[in-house]
Amino acid sequence: MTWLRAAAAGALVVVALLLQVSVFPHIAWEGVVPNLALLVVVGAALTRGPQFAMTLGFAAGVLLDLAPPADHTAGRWALALLLVGYVAGRVRQDLRPGAGSVVATVAASSFLGTSVFALSGLVLGDLDVGPAIGSGGLLQVVAIAVVWDVLLTPFVLPLVMRVLERLEPATATV
Amino acid sequence: MALLERPPRLPRAASEVRPTGGRERRWRTLRGVRRPDGRYSPDPRGTRSLLIALLMACATLITLDHQAGGAALDPARRVIGEVVGPAESAADAVVGPLTRIPGWFRTQDDLRDQVAGLEAENAGLRSELATADFDRNRLAELDGLTAAAEQANHALVPARVIGVGPAQSFSRTVTIDAGSRAGIEPDMTVVNGDGLVGRVLRVTSTTATVLLVIDGDSVVGGRVGSSLEAGFLRGRGVVGDDGRLDLELIDDTVVPARDDVIVTWGSEDGAPYVSGVPVGLVTQVFSNVRETTKRAVIDPFVDFSSLDLVGVVVPSGTESDRAVVEADGSLR
């Protein structure tokens, strides 16, 4: 069952990556596309808790870091999604499941993930914030990313959570 | 660290294990506890050790990739690219028809459409090359003939954009559906009907990753068409209407005029950029007193937000798995 769950989560991440790289650019807003991999990680955190979500976030991040169009320093998305998995998983424990709390978690996670990614780029010298981008440009990208992720939440999160929940009911021994 | 340094010791009796069972207890609690309401609640300490382990893994990855230009992770990138590349190609093939419905209405034969498009693109490129100012100056410098011969030595491998890096990644890269089997190698120039697109960063057997000239890390040698002054074009890392390039001229006494055409300067053996490819028009000029340089803002000819069909400049006669457009417009 654990293997099945891991395989299902992996498949979700790969589908998310393909949609994000090949499909959504056609309707991108200022070049920003919804971060579906992040939504999968949040879904995993809300159903399975921080440990599973952190591992999945790390794996998904490594995939985002290494799969073709990526050219940034590897490990940055891994770091961002790992932290997202941790935070979203911890939040779950103090939260009543409901649509409002799910949307709030997604918004916070999206903000956290994109910001951590951008900040790690600044620290590593990957991302050169010239006068053209500026901190305003950075914040704009982060804001658009949050809006996208929240918009896609009703379509993606229920599906992800149902898949991961069905594969192992919450009452089963872990 | 302390655990590793402690000398290994075998338990002499079962009774001795129990008092020193701190480690054992910790491992047991890794599995988490069940709340009274039946919900599974992982143990914070176990979660924390996993968090630390994964953070270390991230740090390792970042360090590995940050050194020596990421050579350590290139094999991993290649392996993942070999698998994900065809999948991206397939995903693009599924959505492609939807986004290209208007274009597909006109002809039944996609291939013919593509060839006609590429021929037009090639003709467009050559006419752009003949941009009056630039050509006259080249002739005046008497290297026009050799340059033309060099130009004639290139061919174009057609490719489609199948994946676009998200703006959240802050790097402007795309995946194209032609790789080493199509004769593409790293550091080849990528153009389209309008002008310079970028250069090839790395290839897999069926795909290639292209760094767009508007990426913040991209530097291209550029020349002002009317004065032949050389300079460096840097990307700003922004797509859309603000997707401009900055040109810094080496000679600070020259002021490029508005609407001057900027073409590539070209490198030895045409890698990474062949010479004479149009890049864009000068829109604004700033002078920087402190660094005593002039900075011109260039509006690129290529619309980077809607990239689709591109051509990779390969040496003439390259073996390829698809039709190659030669410089004289013939298809091979």
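Including glycine, each Cβ sits where the backbone N, Cα and C put it.
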Quiz item: Which residue range, B:1-23, B:116-138, B:300-322, is the one TrEMBL calls region 'Disordered'?
Solution: B:1-23
Quiz item: To what whole number does the mean pLDDT across the domain 'Rod shape-determining protein MreC beta-barrel core' (B:168-313) round?
Solution: 81
Quiz item: Can you tell me how the residues of the domain 'Rod shape-determining protein MreC beta-barrel core' (B:168-313) break down into helix, strand and coil by DSSP?
Solution: 14 helix, 65 strand, 67 coil
